[in-house]
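Let me begin by presenting the structure, written as structure tokens, before commenting on it.
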């Protein structure tokens with residue numbers, strides 16, 4: 001597939017469209033040019049055309065066959081190789097068999113016959129000739145053949161020649177020196193010898209391609225020769241005897257001159273009436289629009305006819321009788337008048353450049369000065385008028401355009417008449433030198449030639465002017481596009497800046513939040529430290545209170561008014577060397593602390609306020625405290641055991657069966673107590689059956705030695721002095737405490753005299769006494 005495949009497909013679709021009413025030769029020629037100049041490969045082009053030939057629509061197939069015919073005739077050997085082969089011939093035969101459209105069948109037969117005649121001398125294309133003969137034998141009727149239809153004289157670009165050195169300067173090719181081929185001659189050249197670019201019309205190459213210097217000079221010389229010959233007379237006229245004759249027009253008689261004058265007068269009158277009507281119309285328009293008042297001054301410029309004035313126009317009235325349509329442009333008086341106006345205001349025949357109006361005010365001419373000094377209105381039509389010169393002012397109304405159209409129409413009629421007269425003379429064999437009509441037509445056409453050139457120049461100038469405007473519009477469009485791009489870029493920058501600012505703000509907020517979190521953590525840590533410090537201080541205060549309580553307890557224990565048996569027992573060991581640990585909490589003298597009581601409770605401090613008895617009936621002997629082997633105990637009055645037992649039973653808790661069943665008798669004496677103890681108190685060796693009232697009853701100590709009995713107790717206790725009163729027996733639990741807590745507010749009980757037991761009392765009395773005694 002070539003580089004121009006897209007263009008080729010578009011042109012092929014256009015040339016084979018089913019909507020066409022006739023063959024589109026322009027598209028077909030462009031297809032041929034694409035194949036000839038190498039933009040589209042021949043194989044690809046022929047295959048695409050074959051697809052169109054096999055289309056179901058007969059119109060598309062017929063136009064595709066037209067394209068194939070033109071391609072074969074104009075594109076040379078590369079296309080011949082693709083068409084004149086067995087495959088293509090078989091496809092055409094199959095298409096002919098299944099095609100029912102008469103025009104398509106006739107076109108296929110016509111192409112096969114023409115190709116067979118054209119390639120009859122080419123051995124490699126013999127398959128076309130064989131196909132033609134076979135189809136004739138099969139009975140196909142071929143259309144009438146013309147030899148001119150088989151003229152394949154198309155020139156194609158030569159094949160490229162490969163060599164190792166330049167064809168002109170003989171420089172060897174290498175890494176630095178590259179190979180280049182000339183598209184005109186096909187030879188190989190170096191870069192210096194093939195640096196020119198040119199078009200090659202004979203090969204159908206309409207774009208500039210690389211050619212060598214000799215081919216470039218040859219092609220340009222031909223182009224210059226053709227350009228120079230266009231300005232000269234045609235060769236038919238130069239070779240004819242007419243060019244040898246005098247070019248002076250023949251004299252006319254008086255009648256022709258009079259008719260010419262009358263015709264010119266009528267034309268002048270009609271022209272003046274038209275100008276007057278136009279002037280009135282413009283005046284009414286200017287009064288309605290006062291801003292455009294300077295415009296009537298510009299109307300004084302020479303009209304369209306004066307712009308085409310030329311010294312050659314003196315011969316124009318001679319052709320008046322030949323073509324009446326040229327009378328308006330060949331009016332002698334009219335043109336003389338316009339020439340005088342042109343001499344008064346020297347307007348050049350060429351278009352006024354865009355820079356000249358700036359220098360015109362200094363010349364003192366009224367018409368150009370009025371155009372330059374006139375203020376520019378707000379509309380866009382006036383700047384074009386002031387810049388384009390008088391020619392553009394003629395297009396402000398429709399008169400000039402109409403006159404130009406009439407001029408062109410008249411000139412076309414004259415040329416067609418001239419050509420027909422020449423052809424008629426040629427067909428009849430008459431000489432054009434003897435035909436006065438041909439001579440007069442030639443003179444009239446020659447006289448209008450300068451006007452035609454002037455009109456072409458003006459049109460070309462306007463075309464350049466509008467192309468310049470289009471370029472400016474394109475520049476403005478590009479500038480607007482660039483401005484839009486800059487604005488978009490600016491908006492993008494602003495958006496990015498806003499996003500960056502937002503991102504920075506988010507980062508700052510995140511940093512602030514992190515700082516606040518750290519401060520919060522520090523604050524919580526400080527609060528926790530403060531709480532821990534307060535707890536430590538409270539713990540220290542509690543420890544200090546405990547220390548103070550311990551000191552207070554120790555001080556109370558050391559005070560003589562509050563003897564504590566537990567402290568004494570801890571300080572003074574027994575005679576046997578055994579130190580007994582107290583099993584219950586420290587009890588203050590004169591207090592009652594049941595189990596589960598708390599310091600400061602009413603039960604704890606109710607007895608603290610009760611004063612203990614100041615003096616006992618039996619003061620302690622001084623000798624007893626000095627003896628270390630003697631156990632110091634509370635000295636209970638021996639004569640009043642019954643009086644103290646009753647308050648103890650009432651004050652103590654009633655849950656203890658021992659206290660509830662114990663009813664002391666008023667008769668004092670150890671014997672009675674000993675005799676009643678086994679009935680009311682449990683044995684010492686047995687565990688108490690009461691609830692947790694005292695520490696001794698709730699926590700019985702498991703001693704590692706043998707329990708006390710009467711024999712061990714008698715051996716353990718020191719000798720008792722006969723002068724001391726008998727100690728009150730200890731009852732299990734907190735009975736000594738209850739005995740100490742006896743109310744002292746009541747009337748003093750009369751203690752009966754204690755009967756001393758006889759010294760020869762038996763052991764049973766001692767056993768009963770032993771059960772009533774307990775050591776703290």
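Note that Cβ sites are derived from N, Cα and C of the backbone, with glycine treated the same way.
In the shown protein chains, 10 other C-beta atoms lie within 10 A of the C-beta of residue 169 (Zn(2+) 1 binding site). The Zn(2+) 1 binding site feature in Swiss-Prot is assigned to 166, 169, 190, 193; the stated evidence is sequence analysis.
Long-range Cβ neighbours of residue 185 (Zn(2+) 2 binding site) (same chain, at least 6 residues apart, Cβ-Cβ under 8 Å): 158, 212, 214, 215. In the three-state DSSP assignment, the secondary structure recorded for residue 185 (Zn(2+) 2 binding site) is coil. Swiss-Prot lists 182, 185, 212, 215 with the feature Zn(2+) 2 binding site.
According to Swiss-Prot, the compositional bias 'Low complexity' annotation covers 294-311.
Annotation source Swiss-Prot lists compositional bias 'Polar residues' at 379-398 (among others).
The compositional bias 'Polar residues' annotation in Swiss-Prot covers 725-743 (among others).
Residues or ranges marked as compositional bias 'Pro residues' by Swiss-Prot: 745-762.
Annotated compositional bias 'Polar residues' per Swiss-Prot: 767-776 (among others), in sequence order.
Among the features that Swiss-Prot reports, domain 'UIM' is placed at 258-277, with the record citing sequence analysis.
Reduced to three states, the DSSP call for residue 207 (N6-acetyllysine) is strand. Annotation for residue 207 (N6-acetyllysine): same-chain Cβ neighbours under 8 Å, separated by at least 6 residues, are 37, 199. According to Swiss-Prot, the feature N6-acetyllysine maps to 207, an assignment based on similarity to another entry.
Among the features that Swiss-Prot reports, phosphotyrosine is placed at 216 (among others). In the three-state DSSP scheme, residue 216 (phosphotyrosine) falls into the helix class.
The phosphotyrosine annotation in Swiss-Prot covers 308 (among others).
Taken from Swiss-Prot, the feature phosphotyrosine covers 329 (among others).
Residues or ranges marked as phosphotyrosine by Swiss-Prot: 334 (among others). Just so you know, the Cβ of residue 334 (phosphotyrosine) picks up 19 other Cβ atoms within 10 Å once every protein chain is counted.
All chains included, 11 other C-beta atoms sit within 10 angstroms of the C-beta of residue 550 (N6-succinyllysine). DSSP assigns residue 550 (N6-succinyllysine) to a helix in the three-state reduction. The annotation N6-succinyllysine is assigned in Swiss-Prot to 550.
Across the region 'Interaction with STAM' (453-571), DSSP helix (H, G, I), strand (E, B) and coil residues number 113 helix, 0 strand, 6 coil. What Swiss-Prot records for 453-571 is region 'Interaction with STAM', and it gives similarity to another entry as the kind of evidence.
Sequence annotations record features per position, and here Swiss-Prot assigns region 'Interaction with NF2' to 479-776.
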Residue 182 (Zn(2+) 2 binding site) has its Cβ surrounded, within 10 angstroms, by a count of other Cβ atoms equal to 27
Collapsed DSSP category at residue 334 (phosphotyrosine) = helix
To what whole number does the mean pLDDT across the domain 'UIM' (258-277) round?
-> 80
Close in space, distant in sequence - residue 193 (Zn(2+) 1 binding site), Cβ under 8 Å, 6 or more apart = 166, 167, 168, 169, 212, 213
Going by DSSP, how much of the domain 'UIM' (258-277) is helix, how much is strand and how much is coil, in residues?
-> 20 helix, 0 strand, 0 coil
If the Zn(2+) 1 site is taken as the center of the Cβ atoms of 166, 169, 190, 193, which further residues of that chain fall within 8 Å of it by their Cβ?
-> 167, 168, 170, 171, 189, 191, 192, 194
Would you list the other residues of this chain near Zn(2+) 2 - those whose C-beta lies within 8 angstroms of the C-beta centroid of 182, 185, 212, 215 - in sequence order?
-> 183, 184, 186, 187, 189, 194, 211, 213, 214, 216
Which residue among the binding-site residues 212, 215 has the fewest other Cβ atoms within 10 Å of its Cβ, if you could check?
-> 215
Within 10 Å of the Cβ of residue 190 (Zn(2+) 1 binding site), how many other Cβ atoms can you find? Include all protein chains, please.
-> 21
